[in-house]
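Have a look at the structure that comes next, please.
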Ligand SMILES: O=C(O)[C@@H](CO)OP(=O)(O)O
């Protein structure tokens, strides 16, 4: 039996401004920093001891993981970062205001883009390094992605594609640790975690529309040896 804890990052500066984040590397807001520390306090109260941590290559998830582990007195836990745990890439929606997008395209269309399983958002045209989103360049040329095969870098993703790029890392690293009895914590994002939760809980393509992951509220699973769920709880303050 092993524990798996999923933590969505605390509120980001762009969450606070109601902008689509995606792969744009936004920081935590002050509220997000507090949410991350609160998550660590909740983990300490549960008395969970981790053997391995995973996170994305985006600052808001990394910072959240570190603040939570520090609060729980476990900043020493070995950690691996992967782009495969990044937020889903929101294509041409990145940097746009969610309310303004709903006014422009309608609530239903924007909800489908945000929560459906297999509908793609409007995609970026190219990896053009000159294209910026609110002053931040598209990350294809960012050195943190230097080891990612060029064709694997997205121009936009739905949840299905997000799950398809999360799963290879799940099987190669995370599932192996869990099967070896290690307690694992993952600091990641609303949609990369929705993808993982869909897989773990075998949620249907339709039902996943209604699943939301809150900022900074750890989801704690007890998993048996074949990674079936024995119990699940969400920790809140
Ligand atoms: O902006 C984003 O990248 C995500 C998560 O913050 O937004 P949404 O909740 O709309 O999927």
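Glycine is no exception: its Cβ is also placed from the backbone N, Cα and C atoms.
Here the structure is a predicted model, which means the values were calculated and not measured.
So TrEMBL says this about it:
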- 9: active site, tele-phosphohistidine intermediate (ACT_SITE)
- 87: active site, proton donor/acceptor (ACT_SITE)
- 8-15, 60, 87-90, 98, 114-115, 190-191: substrate binding site (BINDING)
- 189: site 'Transition state stabilizer' (SITE)
Between residue 90 (substrate binding site) and the residue listed as 'active site, tele-phosphohistidine intermediate', find the distance joining the two CA atoms and give it rounded to the nearest Å.
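Cα-Cα distance, residue 90 (substrate binding site) to the residue listed as 'active site, tele-phosphohistidine intermediate': 17 Å.
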List which of the binding-site residues 11, 14, 115 have their Cα within 10 Å of the Cα of residue 87 (active site, proton donor/acceptor), in sequence order.
none
Take the C-alpha atoms of residue 189 (site 'Transition state stabilizer') and residue 8 (substrate binding site) and report the distance between them in angstrom, rounded.
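So the alpha carbons of residue 189 (site 'Transition state stabilizer') and residue 8 (substrate binding site) sit roughly 5 Å from each other.
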Using a Cβ cut-off of under 6 Å to any atom of ligand 1, determine which of the recorded positions 8, 9, 11, 87, 115 qualify.
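87, by Cβ distance under 6 Å.
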Which is it, of 8, 9, 115, 189: the one of these recorded positions whose Cβ has the most other Cβ atoms within 10 Å?
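Comparing the recorded positions 8, 9, 115, 189, the most crowded Cβ belongs to 9.
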DSSP three-state call for residue 87 (active site, proton donor/acceptor): helix, strand or coil?
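Looking at the DSSP assignment, residue 87 (active site, proton donor/acceptor) belongs to neither helix nor strand, so coil.
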Mind checking which of 14, 90 has the fewest other CB atoms within 10 A of its CB? They're the binding-site residues.
14
Which number gives the other C-beta atoms within 10 angstroms of the C-beta of the residue listed as 'active site, proton donor/acceptor', all protein chains shown included?
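Result for the residue listed as 'active site, proton donor/acceptor': 27 other Cβ atoms within 10 Å.
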Using a 10 Å radius around its CB, how many other CB atoms surround residue 11 (substrate binding site)?
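Cβ-Cβ neighbours of residue 11 (substrate binding site) within 10 Å number 21.
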According to DSSP, which of helix, strand or coil covers residue 115 (substrate binding site)?
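Where residue 115 (substrate binding site) sits, the three-state DSSP reduction gives helix.
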